[in-house]
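A.B. asks: Right, I'll just put the structure down here and ask away after.
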Amino acid sequence: MQKGNIRIAIDKGGTFTDCVGNIGTGKQEHDTVIKLLSVDPKNYPDAPLEGIRRLLEVLEHKTIPRGIPLDISNVRSLRMGTTLATNCALERNGERCAFITTKGFKDSLLIGDQTRPDIFNLNIKKVVPLYDTVVEIDERVTLEDFSEDPYFTKSSPNEQEGILEGNSGEMVRVIKKPDESSVRSILKVLYASGIKSIAIAFLHSYTFPDHERIVGNIAREIGFSHVSLSSEVSPMIKFLPRAHSSVADAYLTPVIKKYLNSISAGLSHAEDTHIQFMQSDGGLVDGGKFSGLKSILSGPAGGVIGYSSTCYDKNNNIPLIGFDMGGTSTDVSRYGDGRLEHVFETVTAGIIIQSPQLDIHTVAAGGSSILSWKNGLFRVGPDSAAADPGPAAYRKGGPLTITDANLFLGRLVPEFFPKIFGPNEDESLDLETTTLKFRELTDVINKDLNSNLTMEEVAYGFIKVANECMARPVRAITEAKGHVVSQHRLVSFGGAGGQHAIAVADSLGIDTVLIHRYSSILSAYGIFLADVIEENQEPCSFILGEPETILKVKKRFLELSKNSIKNLLSQSFSREDIVLERYLNLRYEGTETSLMILQKYDDQWNFREWFSEAHKKEFGFSFDDKRIIIDDIRIRAIGKSGVRKEKTVDEQLIEISHFKKADVSKDASFTQKAYFDNKWVDTAVFKIDDLPAGTIIEGPAILADGTQTNIILPNSQATILNSHIFIKINQKAAKTLSKSGYELDIDPILLSIFSHRFMDIALQMGTQLRKTSVSTNVKERLDFSCALFDSKGNLVANAPHVPVHLGSMSTCISAQAKLWEGKLKPGDVLITNHPDIGGTHLPDITVITPSFSSTGELIFYVASRAHHADIGGILPGSVPPNSKELYEEGTAIYSELVVKEGIFQEELIYKLFVEDPGKYPGCSGSRRFSDNISDLKAQVAANTKGIQLIGSLTKEYDLATILKYMAAIQTNASESIKKMLAKMVEHFGTTKFSGEDRLDDGSLIKLQVIIRPEKEEYIFNFDGTSPQVYGNLNAPEAITNSAILYCLRCLVGEDIPLNQGCLKPLTIKIPAGSLLSPRSGAAVVGGNVLTSQRVTDVILKTFNVMADSQGDCNNFTFGTGGNSGNKTDKQIKGFGYYETICGGSGAGADSWRGSGWNGSDAVHTNMTNTRMTDTEVFERRYPVLLKEFSIRRGSGGKGKYTGGNGVVRDVQFRKAVTASILSERRVIGPHGIKGGQDGSRGENLWVRHSTGALINVGGKNTIYAQPGDRFIIKTPGGGGFGQYKD
C-alpha cells in the first residue's frame, strides 16, 4: 500500500450499498469490492461508514472496531453517490420549508401546468408541493418588450420609468419594489413558527435577481439556516420549474447537509482527504457545494459514468445504450460521440427539476415489478413488490414478479444467492411458493381464455412483455431523437440487467451486448472513475450573428471560465488537467425550444452551423429565415481525475491470442434445466471468475457470480475478456406467430406485446410532432393528438393526449377512407377539419397519411390532429365567442391533398388558409400563416415517423400478423367494455339509466342508456336533446363519440387499449339536426370545447359516478391584425394567443366503483388536458401582465365529498388588443348530486383602466381592450356529493 493514496468510492442505493477501494496503485487487480445492505440497524447505523470501515480493514490489513471515528489519513480520495435526496422527495420526509413568491402567485405550484397526470383517473391526484407554507411578497417586475411584436420594438434603459437592463440583456420594468420593513415583519413571523429553511422565487428573477437578493439577505439576518434563491439555483426562464427547483433545494439540501455532517462525524484525520459527491450531471463536487437539488440522480449518474468510461471506444465511435435494471425500475441512457447527454428540465417524484442532469429515462419495470392478468392482457408493473415484501420467492408473502418468472424458468441460480430471505433472513429463494402462485395464475388465465397454457408458457409470456416494456424507453432516447437504435451497443448493469439484456437488445435490433466485470456495482465504479466538475451558467437574450454579440459572449465566457478554473485549481488540479467546455443555449426566435450547443473547437465560432445541424438532427428541419436567440451562456470546467484508463473491448479482443470454446463438462460448475423458446433445455452454469479471457460460450448458458446473473440466449455467443463479457447476437429473421405448443387463434402474449408497440408508435408520433412544431399551442400547451388506424379508419391506438380527439379522429379517418377509396397513392397526405366529415371545430386540423404494402395495397393510416392558433375568421385566435355561421370561424377544409405524391402543396395551403376564409364579409385569412405552414409540416413529419415505425415492426413480424393483431386489439377492448357494463347492470339491478343537463342558454342535453348484456344491446340514446342553436355550441356527432369513449375508458378503471373496439358494441342514437348532430354550415367552435364538457358530465352523472366538474374550458383569446385574404390588399401585422383555463373537478360518488372522493382544485377535466403557458414565457411573448393566477377558494360545492375549486386568472393588457372569452357555467353552476351543493358559477369581468368601471361581460363575448385594461376570469368549481355536515 502506498501511504496516503487509498481511493474509495461508494454508491448508496435503496437496497444495497456498493463500495470500491484501491490501495493507490490504480491497477484493477488491486481493487477491493464490497456490497452490503443499505439498511441493517442490527449490525451498523450507517452503510457508507460501514463500507469504509470494511474497506480500510482490507486495504490497511488491520482490524477496526465499530463505533469509533474512522481514521482516513491514508485515504487520498473519498467519493460518494446517494439516493438520499430522491428518497426524501418520494417519501416526503425532507426539511420543513416555506415558499416565498410574488404577490398573486402563492398557488403557482399547486396549480402547476393545470394538467392532470392520468387523464383516465376520475379521482384526480395532483402532486402535493414540498413546502409547508407559502408567503407572498408585494413585489413585481415584468419584461418591457414582447417577442411576438410584429414591429420588433426595442426599449432602452430608463431609470426614471423603472426600465432597467436585466442579466439576460432584456429590458425589465420594475413595477413594485419589496418594502423591506414589511418583508422583515413577515419573515420574523415565519421564523417564529419553526420554519428555518425557505425558497424564494419571484417572477423574472432569472434576469432580474435584485428583489430575491433583498429578501434573501433579510432572511439570513433573521437567522434562517437555509435560503434558496431561484435566481441562483436555476437562472433560467420559466417560473414554474425554477420555483419548483428552489423549493426542492430548500426541502432537500438541509437533509443532505445533516447527512454529510453525520458522515464527517464518523471520520477522523480527514484534512488531506478529498471528499466529493456525485451530482446528477455526472460530475463530482466538494461536499460543501453538494446540494439536494443536484443530487437527485446521484446514483444513476454514477452508472452512466461507469459504462461510458469502461465501454465506449472513441476509435470506432459506436454509441452505447446504458441498461440499468434494478428491483423496482429500469434506467436507460445513451452515450455517443464521446459526450454525456444532458437535459435541463426533468420530473422526479412529481416535482419539476430545472438543473443540469444526465438524460436518464426510467420505466417502472424491474425485478420486483408485479405480474398480473387483466382484461385479457399480460401486465408487468407499474406496481412493485419492492424489497419488502419483495417477490413471492423472498418468503415474505409477496406477489408474483419478474424475479419469480426468472426463478421458475430456471434463469436464476439459487445456489449463488445468499440465504437472506424469509422472516428471519436466513433462508434461500422459495421455488415452491413461486410455482404454486404460477399454477394459480395459469388456472385463471386458462379459464378466461378456455385454453390449455402451461405454467411455463405463462411465465415466459410475462418475461416477453417485460422485455417490451423495457425496450420502450430505449426507443425514446434513440429513435425519437433521430438516432438509429440498431447502430448502438447495449451495456447491461444493475442487479437484474443481465437476465434481460440480450432479449431486449434482440428486440431492438442491437447485435452486441457488453457486460463489465463490475456490472453489479457499476454506479460505484463510475463514481470511482469520475471527473470533478465546475458548472457556471448565466441567462442572456442576445441575437446570434449581430456584430456585438460575439464580443459580449466571449467576455462572459472568460469571466465564467476564470471562476471555474480557480475553483478546480484550489482542489489540487493543475491547469493541464482542466478541460473547458463552452455552451450556448440557442433557440429560433418565436419558439421556446432551445438546444444547448457545445463550442466544438476553441478557435471556431460556427454556432449557427452547429445549431442548425443539431436542430435538423433532433427535429428534422431547420430555419434559414429565423433569427437565433441566445438564452443562456454556460461553462462546464472538467478536472480530469485520471484514476485509470481501461482498455476498450476491441483492444482486449485484439490482444487475446487464443480463443477457446468452453467445455461444459470441464468448465461449467453444473447444469440445470432452463426454459428457452418454449421448451426446457439443459443449460450450463458458469462461474464468471473461473473463466479465463478468450473463453467462448455458446448459448443457452448462465454466467453468474455472487452479485450478478447473466442469461446467454440460444441465439447468442459470449466471449470472456479481462474486464468485460462481449456478447454477439445472431439477429433473427422476421418473426411470425409464436409456436407455443397450444392452439389459440390469438396469442395473449403477442396481444400484450402489440398493445405496447401500437401505443408506442402513437406516443413517438406525438413526440415528433411536439419537437417539430413551432406554435405555442402544440409545443407548449400540447394541444394535439396522434393515432394509428386500420385500413377502414378504425382506431387501433391513440396516445393519451387530448381526450376530445380520442373517438372523433376515428370518425374523421373512416369518412376520409371511404371518400378516397382506391384513389390515394404513395406519397399522398390528406388534410381536413370540416365538421361534416368527422371534424370537431375548425382550428383542429387533421393530417392523414396512408401506408401501402410492397404490393401497393393500402394497409393502414396514421393521423395527427393539432389545434392551430389562427385559421382566419372574424376574430384573432379563430375561437369567436359569438359566431353564428361556420365560415366565421375560419377555413373549413372538407378534404384536400396537403402533400401530393411527395410534393408539399404550399400554394394550395395558402389558398385554403388565407384566401378562402378572407373572402367572407368581416373575415380575415389566417393571421399566422407561417405558423400554419410550419405546424402542418410538423404533422406530416409526425405521420412519416409513424409509418417508419410500422415499417420497423414489419421487420420483426410479418404483415399478416400485424394486421391480425390490429383487429384483435380492438376485440380485446370491446370485450373489456362489455364486461364493465355488465357489472354495472348487476350492481344497480337495472338495465336503464338516464341523465340530463342544460347549457347556459337553456339547451337540453338528454341521455338514456339501455344495457342488456344477454342480448348484446348497449344503447346510448340522446333523443330529447334540444335542436341545434343559432350560435356555436353545436357539437358534431364525432364529439359525442369522443365523450362516450372517454367516459367508458374511465369507468373501466384499468389500463385497457384505447381504440375503436371500445365503441363497437354500442348503438349510439343522436337525433339529426340536434345540438349534438347539427346540419351542415352550423357554427361549432363552442361545441368542441364547451358542449363536449357538458356531454361528459351528463354521461358520468347518468351512471352515478361523480358530480359535475367545471363543465367548461374557459377559452380565452386575444390578438391583433389580419387581412382579407386578397394578396393585393394590405396585411395588418399582428399576433394571436389562445389558452384554456382550468377549474374544479366534481366530487366522486359513493357508487358501484367504491367510496367517493373530494374533487381536485385547479385542474383540467373531462375532454381537455392542455397545459397553461408558463407566466414568464407568457409575458415574454405577449404584451400582457399577469396580475394573479390563484385558486378560487370556496368555489367547490360542499358535501360529504367537496367539489374542487376553480381559479382566478387576472390578465392586464399593455397594448390595445381584441380579446374574447368563450365559456359556460356562467348561468347554471356545476351540479352536485345526492344532496351535494352546486359548485360556484364562473364569472368574466372587464376592468376598464380609463374609467375604473367593472363590467361583467357574460359567458361569451368580445371586448376591444385598451392599454391598462384587465380581463379577470373566475372559473367554476366542481359540484359536491352527499349531504354536507359541519
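Using the three backbone atoms N, Cα and C, a Cβ is placed for every residue, glycine included.
Copying in the features that Swiss-Prot gives for the protein in this structure:
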type	residues	note
MOD_RES	Ser930	phosphoserine
MOD_RES	Ser1077	phosphoserine
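Set these features in their place in the structure for me.
C.D. replies: Neighbour density for Ser930 (phosphoserine): within 10 A of its CB lie 14 other CB atoms from the protein chains shown. Annotation note: Ser930 (phosphoserine) sits in a helical segment as assigned by DSSP.
DSSP assigns Ser1077 (phosphoserine) to coil in the three-state reduction, outside any helix or strand.
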A.B. asks: Can you give me the Cα-Cα distance between Ser930 (phosphoserine) and Ser1077 (phosphoserine) in Å, rounded to a whole number?
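C.D. replies: About 34 Å separates the two Cα atoms.
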A.B. asks: Do any residues at least six apart in sequence from Ser1077 (phosphoserine), in the same chain, have a Cβ closer than 8 Å to its Cβ, and if so which, in order?
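C.D. replies: Once residues fewer than 6 apart are set aside, Ser1077 (phosphoserine) is near Gln1028, Pro1036, Glu1037, Ile1070, Pro1071.
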